[in-house]
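Student: In case it helps, TrEMBL gives these features for our protein:
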BINDING   G65, G66, R87, N187  substrate binding site
DOMAIN    25-266  domain 'Aspartate/glutamate/uridylate kinase'
SITE      K30  site 'Transition state stabilizer'
SITE      K247  site 'Transition state stabilizer'
Amino acid sequence: MLEKLIERANVVIEALPYLLKFKDKIIVIKYGGAAMENSDLKEEVIRDVVFLKMVGMHPVLVHGGGPEINRFLKKKGIEPKFIGGYRVTDVETMKVVVKVLGEKINGQIVSMIKKAGGQSKGFYGKKGEVIKAFKYWKKDAEGNKLDLGYTGQVGGIKYRYLLKWIHMGYIPVLSSIGVGKGGEQYNINADKAAAAIAAYLKAEKMIMMTDVRGVLDPTGKLISEVNTYRADKMIKAGSLSGGMIPKVKSCLYAVRKGVNTAHIIDGRVRHALLLELFTDHGIGTMVKK
Ligand SMILES: Nc1ncnc2c1ncn2[C@@H]1O[C@H](COP(=O)(O)OP(=O)(O)OP(=O)(O)O)[C@@H](O)[C@H]1O
Ligand SMILES: [Mg+2]
């Protein structure tokens, strides 16, 4: 019996080097819609996040909600549309985005954090207005501008305001909704929003939790580490598709802007966050400069 307890104490003390390394560091976590589908897992992820805060790190959550937005759209008879991994957001779709991300998922995560014993503050579009945005014009292969409607691009982050909440002990939870100069709201790819937030906050790490093991090579094998040069090559070679394109691009952006490492991990694995932060090898794909 005592042996078992000592073993447990050993496991706890093994975290000490990592706790020292990451103390007071900001960790931006993108919690993908795709990895949020299982509600038991969701509760565990939230508890892990509260744990990180309680042991001295500063987690910041940015959430997506793609699958749920798609379900809502389909109920309204609207077919979701994507170009190169980016959602085409018309007026009706934007209403659904605000409803699902801002009103539903954001509030749910904030209350789950509170239930798990943490303090949390939700920021979603007009409420809090942390993400400044403008219209995103995507270019096709020939350089022609493509109109994605209310799909936006980050223009700036009110990071001092966020830092104030962080240092007051709160875990910020942000929906990827930005606000334009005229007060109009934009739907921003959550990976891109997370990367901008990580860059502005000078985060130590950005961790993207998704529904695949990480970046897979064309044979389906996990790539455990990739530098900016190789990642750029993969994008150009077309070995990424769908949501993985903005995800890898966002990792590249973050590390180029000074975030130490960016990680794409499997949010379906229990305690994926803790495994990533408290072991040497980590899981998933690490993007480094
Ligand atoms: N080379 C690749 N390696 C891994 N996944 C890939 C690759 N190419 C495309 N994908 C796809 O990218 C998907 C992950 O991106 P997706 O945008 O769907 O999820 P998410 O970003 O976690 O959720 P949300 O967009 O709702 O926030 C994977 O489920 C996979 O189908
Ligand atoms: Mg995505």
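In case you wondered, yes, glycine gets a Cβ from its N, Cα and C as well.
Fair warning: this is a prediction, and the values are worked out from it, not measured in the lab.
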Student: On a simple 10 Å Cβ count over all chains shown, which one of the recorded positions K30, R87, K247 is most densely packed?
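Tutor: Compared across K30, R87, K247, the most Cβ atoms within 10 Å surround K30.
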Student: Quick one, of the binding-site residues G65, G66, N187, which Cβ has the fewest other Cβ within 10 Å?
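Tutor: It is G66 that, of the binding-site residues G65, G66, N187, has the fewest other Cβ atoms within 10 Å.
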Student: Return the average pLDDT for the domain 'Aspartate/glutamate/uridylate kinase' (25-266) as a whole number.
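Tutor: Within the domain 'Aspartate/glutamate/uridylate kinase' (25-266), the model's average pLDDT equals 94.
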Student: Translate the DSSP assignment of N187 (substrate binding site) into the three-state scheme.
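Tutor: Strand, per DSSP.
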Student: Which of the binding-site residues G66, R87, N187 has its Cα closest in space to the Cα of K30 (site 'Transition state stabilizer')?
Tutor: G66
Student: Where K247 (site 'Transition state stabilizer') and G65 (substrate binding site) are concerned, what is their Cα separation in Å, rounded?
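Tutor: The separation of the Cα atoms works out to 14 Å.
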Student: Setting G65, G66, R87, N187 aside, what same-chain residues sit with their Cβ within 8 Å of the center of the Cβ atoms that define the substrate site, listed in sequence order?
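Tutor: Same chain, not in G65, G66, R87, N187, Cβ within 8 Å: G33, G64, I69, T89, V97, V100, L101, S176, N189, A190.
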Student: Filter the candidate list K30, G66, R87, N187 of recorded positions, keeping only entries whose CB is under 6 Å from an atom of ligand 1.
Tutor: G66
